[in-house]
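Participant: Quick one: this structure, given as structure tokens, is what I'll be asking you about.
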Amino acid sequence: MVNYPHKLSSQKRQPSLSQPKNFANRGMSFEKMINATNDYYLSQGLAVIHKKPTPIQIVRVDYPQRSRAKIVEAYFRQASTTDYSGVYNGYYIDFEAKETKQKRAIPMKNFHPHQIQHMEQILAQQGICFVLLHFSSQQETYLLPAYDLIRFYHQDKGQKSMPLGYIREYGYEIKAGAFPQIPYLNVIKEHLLGGKTR
């Protein structure tokens, strides 16, 4: 049988028996969702939080054409601390964002000693510090306070990963929304500040 483009196929389609799919934020990376959330917070006058640039030292550049430069060799100037920082209602905010496809744990190799030390320094200065953890296969996002990450890091130094059970016990689930997409300020206000704002 010939199926012309303007004709409907005479074959009947079998209904799909697969699970319903969640197409919310499809194709958008976790980092882009956080950036969109931060843009929303800024536009609404709620917070000023930005992604920190990674300092890079450019060593060699090729010029294949006069108008085009191509960086061929570059190095990180220093180890990066955390991904985001800013101010919310007079409080200093500093956080790291991690995404994993794993279903039951987040790899601890994603957290480096200098990042843990940086988080300890933020907490010592009464700053608000945490990690946003996104399990992409389950579409679950959690805010884990830095002191719970630090405690796990020091207690279980040999562990290869932090179990999802630990994150669910000590962290706070963040339900994705439209505006903002990852409403983490709600968790900060309710759980880390006890409902108080300055």
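Quick reminder: no glycine exception, Cβ is built from N, Cα and C everywhere.
In case it's useful when we look at the structure, here is the feature table from Swiss-Prot:
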BINDING   Thr81, Asp83, Glu96, Gln115  Mg(2+) binding site
COMPBIAS  11-21  compositional bias 'Polar residues'
REGION    1-21  region 'Disordered'
SITE      Lys98  site 'Transition state stabilizer'
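Help me see these features in their spatial surroundings.
Facilitator: In the three-state DSSP scheme, Gln115 (Mg(2+) binding site) falls into the helix class.
Around the Cβ of Lys98 (site 'Transition state stabilizer'), the number of neighbouring Cβ atoms within 10 Å comes to 17. According to DSSP, Lys98 (site 'Transition state stabilizer') is assigned to a strand segment.
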Participant: Using the structure shown, find which entry in Thr81, Gln115 (the binding-site residues) has the sparsest Cβ neighbourhood within 10 Å.
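Facilitator: With the binding-site residues Thr81, Gln115, fewest surrounding Cβ atoms within 10 Å: Thr81.
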Participant: Across all chains shown, how many C-beta atoms besides its own are within 10 angstroms of the C-beta of Asp83 (Mg(2+) binding site)?
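Facilitator: I get 19 for this one.
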Participant: Measure from the Cβ of Glu96 (Mg(2+) binding site) and count the other Cβ atoms within 10 Å, all protein chains considered.
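Facilitator: Glu96 (Mg(2+) binding site) is surrounded by 23 other Cβ atoms within 10 Å.
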